[in-house]
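Taken from Swiss-Prot, the feature signal peptide applies to 1-19. Residues or ranges marked as N-linked glycosylation site by Swiss-Prot on the basis of sequence analysis: Asn47, Asn460. Taken from Swiss-Prot, the feature compositional bias 'Low complexity' applies to 407-416. Per Swiss-Prot, the feature region 'Disordered' maps to 407-458. Summarising the annotation, Swiss-Prot assigns disulfide bond to Cys470-Cys485, Cys476-Cys491, Cys484-Cys498, Cys503-Cys508 and lists sequence analysis as the type of evidence.
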Amino acid sequence: MGQLKQLAGILALASPAIAAFSVYALHDPDALKASLGVTSECLSALNYTVECDGPSAVRATKNSDNDPWSMDDLTTLCTDGCSKSLSTWFDAVEQKCEGEEVTINGLVVDPKAFPMKYISGYDLACLRDSNDNWCFYEAQDWDSGVFTSWDKKQPDACSGENPPADCDKKGSEEDVDTLYVTNSYDKELYCSECFMLLWRQRIESPVFPQGNLLDHFTKQFSKLEAACSTKLPLTTPAPTVVLGAKDTLPPATGYHTDGSTVFRYSSPPAPTITTEEPIAKRTAAPRAMKTFYTPATPDRTPQLGAMAPCGKYYNVVAGDTCASISSEFEVTMDELLTYNPELHPNCENLWANFAICVAPVSPNPMTVDGSCGENNAGATCDGSPFGSCCNNEGRCVPCGPEATAAPDAPDAQGQTVHDDEPPEEPHIEEPPKDIPAGDDDDRKKAKLPLPSGKYPLPSNSTMISKDGSCNEYISCVGSPFGVCCSTSGWCGYGKPWCGVGNCVSGYCDTEDKASGKPQ
């Protein structure tokens, strides 16, 4: 909290927070209270409305080197109002949840863990040196496998649900020597104020993984001080939010850091025995489960942020993990996160008694033989040479009097069949005439200007994506799946979809925007 309050005094940015968020805004309070096992007063504090930009605040908690931030991103998050609001949130939880515990899928959590995680992400992202340089922004240009290995490798390997047995083993002295930070950077860089402030900020964070990793980073900080002939006060926070002293926990409970000092298992998780790669690392598995062409209706409150429409929901029960759900429904962890964007990568917010999306709504396949409808694998007639309407016998026919569907009633594909005149076929926008044939790649890389205000909808002649797939003529803008169509043909937000070279259509980043430099 000391770093946050100090930053609150120096971050005198004029622009206010552009949005606000609360962690459980869309959940039913009674169901959530029963699931978490807390009082109404504590739940109200946990659900405090934080005056920060929500997507940026969540992004900061993930703290990944694979997710580059622009200056606009940082100034959106790092406001004086956001800093003060995070501090107020922590104080409210500390007061209203005193003595309470939150139980989440076998984890016992001190409620303070939730605001502390957001505060820690904010402190790191918004850190500036005495010359007002943004340290986190500058660090994105530093190149070394040592400093970034914690973000890129350690959480994936050692902070997941089933960490390898050697995660807590110390390496040989020879291995340790090769990891000295002073052997990996130029002295001018590692003695810079930003470098040392960032290093200290990480190890002072209450959510930095405890154990050998913290010991190693602390020793490296001492080497930095000695090499740079400087001394910075260092306070390693006591794990005050760990529920029970670590040395009093029975070994069988499997003390679980999960990227934080605030979690422990209330009961040991079932061991996972497999010769395959971790589910999160697998490529897309052939899906044995049914493909869904119509939206499903959940019979429980959906997981916060679950995609809509969703082809299939699964009701989470106590003891489920993301790994077990991924395995059961033959989806990768990346796919599960795509279907449930607000789900944290370490699955700490996977709630029992809520519905999680495990399959998307897929587009109907085009008929190949003139058969159509639900009894024919959901095949659609639209655009087929057999006719664009599906009759009651499951055959494609031309729309009009010869179609057997009831007049002025929707057919199997949702089209209205008239008995007086055939409906007009949907118009697909042709490619621009001034681009010669063969220049498809250049057209895909064309940069569209960034809009001001809300994203305007595409023209009536452009189809809007119904399932997250897209191309030059099926737009993501106006769909719930994103505002950019990537080169892989899927809608989304952020650099993997909107970045220069990654974006086919929609609100693609320009070179200036992608550079992250103020315009």
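The backbone N, Cα and C atoms fix where each Cβ goes, and this holds for glycine too.
Here is what falls inside 10 Å of the CA of Cys508 (disulfide bond) among the recorded positions Asn47, Cys470, Cys476, Cys484, Cys491: Cys484. Spatial neighbours are here defined as Cα atoms within 10 angstroms of one another, and by that definition the neighbours of Cys503 (disulfide bond) among the recorded positions Asn47, Cys470, Cys476, Cys484 are Cys484. Cys498 (disulfide bond) falls within a helix when secondary structure is assigned with DSSP. The Cβ of Cys503 (disulfide bond) has 27 other Cβ atoms within 10 Å, all protein chains considered.
Across the fold, the C-alpha of Cys491 (disulfide bond) and the C-alpha of Cys484 (disulfide bond) stand 6 Å from each other. A separation of roughly 31 Å, to the nearest angstrom, links the Cα atoms of Asn47 (N-linked glycosylation site) and Cys484 (disulfide bond). Within 10 Å of the C-beta of Cys485 (disulfide bond) we count 32 further C-beta atoms, all protein chains included. Of all the disulfide-bonded residues in the list Cys470, Cys476, Cys485, the shortest Cα-Cα distance to Cys498 (disulfide bond) is found for Cys485. Taking Cβ-Cβ distances under 8 Å and a sequence gap of 6 or more within the same chain, the neighbours of Cys476 (disulfide bond) are Ile464, Ser465, Cys470, Gly482, Val483, Cys484, Cys485, Cys491, Gly492, Ser505, Gly506. Within 10 Å of the Cβ of Cys508 (disulfide bond) there are 26 other Cβ atoms, across all protein chains.
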